[in-house]
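Pulled from Swiss-Prot, these are the features on record:
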MOD_RES   K28  N6-acetyllysine
MOD_RES   K81  N6-acetyllysine
MOD_RES   K95  N6-acetyllysine
MOD_RES   K115  N6-acetyllysine
MOD_RES   Y238  phosphotyrosine
MOD_RES   K480  N6-acetyllysine
REPEAT    4-45  repeat 'WD 1'
REPEAT    93-135  repeat 'WD 3'
REPEAT    138-176  repeat 'WD 4'
REPEAT    224-263  repeat 'WD 6'
REPEAT    270-306  repeat 'WD 7'
REPEAT    432-474  repeat 'WD 10'
REPEAT    480-518  repeat 'WD 11'
REPEAT    523-561  repeat 'WD 12'
Amino acid sequence: MPYEIKKVFASLPQVERGVSKIIGGDPKGNNFLYTNGKCVILRNIDNPALADIYTEHAHQVVVAKYAPSGFYIASGDVSGKLRIWDTTQKEHLLKYEYQPFAGKIKDIAWTEDSKRIAVVGEGREKFGAVFLWDSGSSVGEITGHNKVINSVDIKQSRPYRLATGSDDNCAAFFEGPPFKFKFTIGDHSRFVNCVRFSPDGNRFATASADGQIYIYDGKTGEKVCALGGSKAHDGGIYAISWSPDSTHLLSASGDKTSKIWDVSVNSVVSTFPMGSTVLDQQLGCLWQKDHLLSVSLSGYINYLDRNNPSKPLHVIKGHSKSIQCLTVHKNGGKSYIYSGSHDGHINYWDSETGENDSFAGKGHTNQVSRMTVDESGQLISCSMDDTVRYTSLMLRDYSGQGVVKLDVQPKCVAVGPGGYAVVVCIGQIVLLKDQRKCFSIDNPGYEPEVVAVHPGGDTVAIGGVDGNVRLYSILGTTLKDEGKLLEAKGPVTDVAYSHDGAFLAVCDASKVVTVFSVADGYSENNVFYGHHAKIVCLAWSPDNEHFASGGMDMMVYVWTLSDPETRVKIQDAHRLHHVSSLAWLDEHTLVTTSHDASVKEWTITY
């Protein structure tokens, strides 16, 4: 195999303020599940750096749940499609697909024999359905609510019971199969966000936006108590999860805390304060084996520490929004990956372990469009917030210095030796020296798009929407147009010099990469065809003999300079999402990022 996936650094859950986020547990206790965009992410609970991504939904996925057998996962999306797929093989073959109703699926529950599924959400005519997993035949009706149903659960022992919670401020109780509506529970005064049966089936709990948690008898539906008396939390409660032994309950709230309750004596055992900002609101939780997980509005997944509630054991960070750009850099003998996303967030990753964090302090406030590292070890990033930032990779702290404010929005930045950087903006080209603007071309006469600086530091190549690459010289503190045009095959989308400066690669919207030979006066060296859609990014391997291109066709090609026919094709590098950026860690390791908010490392062999 000329390529194989080496590592997957998965995205965070996609979260929305005021909406509960479901994290699915694994009956075997190894993994946990959540969704982001069109992806379902499976992660190892002991080592979250081990991840697998399922991308077969055509629409945004909302919820995914393991069957109690552990062999299948059911996932539901905003269009009302429910897919049931295999977990035992890497391919995740589809077993069944259903459309229980037209509209967003918000929660899924299985019976303990993995044979029946209940699905709820916001359909047009109905808000829920319960059916056999292998035929889709109905095994009851979910009625009794007049608004969207947020949550459903089924008692995991016979006789079966089913409970739902809805935006009509009510929970409902069903007996079955076939499941029939028994009664409505109107104890809450606000939306009911979550209902969950205890693993032994003796109790079920409901949690609501009114800050209350009520406990009921699992068999009869009679009210047992209100946790914490008058109020369980000072804010809305978005999620609850029972301990495996059914004695305790974990709750997650908009008051920025999670709590553990001892249900039998109705008391709080631990309170986990998660922070003071809006992003610290708790929207989801999972209690699996000894692990207590909660999800913050920031998308971060917190591993809670019962022995020290004030500080999580571990926080999984990363991106929850699409990644736009990436760069790599060796620091203290280790290779790090730096990725910048659509929301202005920059993350750094240890390329070996996947350990990652974001920079300290206040950084970009809008999409990070391009990043590169200069010779003094500073990360230079340009963003839609109209700034270029210089950030020390030793400190990894956004300092008040190191921000260059531009007149117009920058699109791309490239660095050369001697403290030079060239920024391409909308209708403007700016030369920076030692973090200061020293020259600009205000009306270049074409729309510049991308820029590369020759490793020698004297020549700048700028690609335009008009399909040409123009060459400029850096003379002291000015840029001089050399008057030389290199023709691409379409609007230029990226340009890159090889590390030895011998070649310039240019990719375009017409699906072609053209390589020019620098020593021969930029004569055309070779043309590379293969992509099925616009190419958006390029990166040269350190060996200067190979380069990679990524496109809107979800493909990555690794090309051989001397022979366009010798190529490695990575199909569906990021399935259903186009490749946004590429970089090489070494001659055989390629890193790709995409709008699926994940980072992947590939081993390439020639």
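The chain as shown is numbered from 1 upward.
A Cβ is built for glycine as well, from the same backbone N, Cα and C atoms used for every other residue.
It should be emphasised that the depicted structure is a prediction, and the values quoted were computed from it without experimental measurement.
Annotated features taken from Swiss-Prot, shown on the structure.
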{"residue": "K28", "record": "N6-acetyllysine", "contacts (Cβ under 8 Å, 6+ apart)": "G70"}
{"residue": "K81", "record": "N6-acetyllysine", "contacts (Cβ under 8 Å, 6+ apart)": "H57, A58, H59, E97, Y98, Q99, I105"}
{"residue": "K95", "record": "N6-acetyllysine", "contacts (Cβ under 8 Å, 6+ apart)": "Y72, I84, W85, D86"}
{"residue": "K115", "record": "N6-acetyllysine", "contacts (Cβ under 8 Å, 6+ apart)": "L132, W133, D134"}
{"residue": "Y238", "record": "phosphotyrosine", "contacts (Cβ under 8 Å, 6+ apart)": "V19, S20, K21, N193, C194, A207, A252, S253, G254, Q282, L283, G284"}
{"residue": "K480", "record": "N6-acetyllysine", "contacts (Cβ under 8 Å, 6+ apart)": "Y472, S473"}
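For the repeat 'WD 12' (523-561), the residues of the chain that approach it from at least six positions outside its boundaries are 3, 489, 493-500, 502-503, 505, 507-517, 567-584, 586-587, 590, 592, 602, 604, 606, judged by C-beta separation under 8 angstroms. If one looks beyond the repeat 'WD 6' (224-263) by at least 6 residues along the same chain, the residues whose Cβ comes under 8 Å of a Cβ in the stretch are 18-22, 25, 187, 190-191, 193-194, 196-200, 202-203, 205, 207-217, 269-277, 280-289, 292, 294-295, 302, 304, 306. Sequence-distant contacts of the repeat 'WD 7' (270-306), counting only residues of its own chain at least 6 positions beyond either end whose CB sits under 8 Å from a CB of the stretch, comprise 12-15, 17, 19-26, 29, 32, 34, 45, 48, 235, 238-244, 248, 250-260, 312-318, 320. Non-local neighbours of the repeat 'WD 10' (432-474) in the same chain are 388, 390, 401-402, 404, 406, 411-426, 480-482, 484-497, 499-501, 504, 506, 508, 516, 518, 522; each lies 6+ residues outside the stretch with a CB under 8 Å from one of its CB atoms. K95 (N6-acetyllysine) falls within a strand when secondary structure is assigned with DSSP. Residues in the repeat 'WD 11' (480-518) partition by DSSP class (helix H, G, I; strand E, B; coil) as 0 helix, 26 strand, 13 coil. Mapped onto three states, the DSSP output places K28 (N6-acetyllysine) in coil.
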